[in-house]
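The feature domain 'ABC transporter' is assigned by Swiss-Prot to 6-230, with sequence analysis given as support. Annotation source Swiss-Prot lists ATP binding site at 42, 43, 44, 45, 46, 47, 48, 49, citing sequence analysis.
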């Protein structure tokens, strides 16, 4: 069985305003394999978030293909794309997007409840994962009662609760101070190893990116050759 999780081939994306065309991604190829940790870095406006949305099947490319677990998004309707994402992907964003009316435990349980996991089983799994990320004593607190770092830990737990094949993270530490950012990022790397989950992170922080197995610099719609980190 192939260990290839996510693949993009000759990927292109352009935006149009009347006759004006603005290319953002230009003929890009990319692969993410099982258990890999990969960072995409680039300046603001370089197209990093656009690329992540394309790789997640959340946006349609102008050209080329994206495949998740050997299934091309282009060959699936919206419902089937959603099912494929929900089965194999987890997401962490710069803004945590936790539901404010739910506590930490309930937020982490949500993906399991969507899958119709029995409530008691979902609660047990969510509680154990929150304990693993250091929030076992905060499971009944709502997002407004948590610090920025704690909220992001809850978001990480929510992304991992279904044991996805890969996690896509868009500036996951962008709203945190340096100390909290280091702690949260290191936690993501630890969980990547523990759960055998591939990790793709978009970040502007070169120090954090240096901790990954591979780095890609996105410049003018292309990747500069990846550098292998030691």
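Just so you know, glycine gets a Cβ as well, placed from its N, Cα and C.
The structure displayed is predicted, hence computed values, not measured ones.
Residue 46 (ATP binding site) counts 19 other C-beta atoms within 10 Å of its own C-beta, drawing on all protein chains shown. Per-residue pLDDT, averaged over the domain 'ABC transporter' (6-230), rounds to 88. For residue 44 (ATP binding site), the same-chain residues 6+ apart in sequence whose C-beta sits under 8 angstroms from its C-beta are 204. Look at residue 49 (ATP binding site): DSSP puts it in a helix. For the recorded site, residue 43 (ATP binding site), the DSSP three-state label reads coil.
Each of 218 belongs to the same chain as 42, 43, 44, 45, 46, 47, 48, 49, is absent from that list, and has a C-beta within 8 angstroms of the C-beta centroid marking the ATP site.
In sequence order, 170, 171, 202 make up the list of same-chain residues 6 or more apart from residue 49 (ATP binding site) whose Cβ falls under 8 Å from its Cβ. Ranked by Cβ neighbours within 10 A across all protein chains shown, the binding-site residues 43, 45, 47 are led by 47. Around residue 48 (ATP binding site), the C-beta neighbours below 8 angstroms that are at least 6 residues distant in the chain are 40, 41, 42, 170, 202, 218. Within 10 Å of the C-beta of residue 42 (ATP binding site) there are 20 other C-beta atoms, taking all protein chains into account.
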